[in-house]
Amino acid sequence: MESVELTLKNSNMKDKTLTGGAQNGDDFSVDDLLDFSKEEEDDDVLVEDEAELKVQRKRGVSDENTLHRSNDFSTADFHTSGLSVPMDDIAELEWLSNFVDDSSFTPYSAPTNKPVWLTGNRRHLVQPVKEETCFKSQHPAVKTRPKRARTGVRVWSHGSQSLTDSSSSSTTSSSSSPRPSSPLWLASGQFLDEPMTKTQKKKKVWKNAGQTQTQTQTQTRQCGHCGVQKTPQWRAGPLGAKTLCNACGVRYKSGRLLPEYRPACSPTFSSELHSNHHSKVIEMRRKKETSDGAEETGLNQPVQTVQVVSSF
């Protein structure tokens with residue numbers, strides 16, 4: 001209500017000023033301009049109005065706070081009224097709480113010795129806890145059975161004399177040397193001699209086979225007809241497989257291999273007696289046959305005996 005009254009007063013003052021101005025406009029004079037008393041009164045009225053407005057605002061804020069507080073108290077009263085508990089139960093709960101507090105209370109004594117990690121003295125190292133494995137080995141350790149030493153000399157049927165000599169020397173040295181009585185030595189040292197000899201024999205057999213192969217490869221193979229040692233392919237001849245060179249083998253297969261034929265690369269080639277052309281070989285054979293026939297005819301002619309006539 002007070003705020004409404006203030007607004008009405010302000011509106012009245014504005015109306016008065018407007019009407020006064022209109023009237024003074026009619027009766028306008030210099031004296032009215034120089035009269036400042038009315039303006040001072042108007043300023044005082046405005047200051048008073050502003051102070052009243054500030055006071056009313058403060059009162060409105062305080063009223064709102066009181067309303068909020070009253071609402072909070074009313075809600076709290078409502079909740080407490082909804083959770084009403086009889087006095088006997090409250091007394092029993094208090095008795096139980098006091099009993100529990102008395103029974104659980106134990107005087108706490110402060111520790112006199114500080115731990116190592118607080119004092120900084122780390123000379124004494126913490127030993128780690130050894131954790132035992134929960135899974136134990138199911139297979140127990142098995143002891144090796146001791147075996148009797150073999151005194152006899154083992155001779156291989158396909159071995160050489162040097163191997164038997166080495167095995168006999170090894171057995172004599174082992175018999176002369178003192179043997180420990182541990183079964184592990186018997187199982188590991190004594191019975192490993194035989195596999196070693198086997199491996200040595202295998203190595204020697206492989207070496208012998210390799211030597212024979214290299215010997216056969218290094219042997220100088222030559223043609224049985226012309227004596228050639230290098231040829232792209234070895235062929236079969238009258239002496240067996242791979243006994244003739246490629247050229248001689250081809251002519252032997254076709255039936256044209258003659259003694260007068262020699263390839264040009266043959267070490268026994270001579271231009272007077274041999275040729276690598278079949279036609280020339282035939283001519284040479286004809287000439288030879290004619291010369292041989294002439295010689296035979298000359299030898300077969302009868303020798304004329306000269307009869308010496310005695311003169312009288």
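We number each residue from 1, going along the chain as drawn.
Just so it is clear, glycine is given a Cβ too, placed from its N, Cα and C backbone atoms.
Residues or ranges marked as region 'Disordered' by Swiss-Prot: 1-33 (among others).
If you look up Swiss-Prot, you'll see 56-77 (among others) marked as region 'Disordered'.
For 56-71, the entry in Swiss-Prot reads compositional bias 'Basic and acidic residues'.
Taken from Swiss-Prot, the feature region 'Disordered' covers 136-186 (among others).
Look at Swiss-Prot and you will find 157-186 tagged as compositional bias 'Low complexity'.
Among the features that Swiss-Prot reports, zinc finger is placed at 217-271, with the record citing sequence analysis. As a whole-number mean, the pLDDT of the zinc finger (217-271) in this prediction is 88.
Helix, strand and coil counts under DSSP for the zinc finger (217-271) come to 11 helix, 9 strand, 35 coil.
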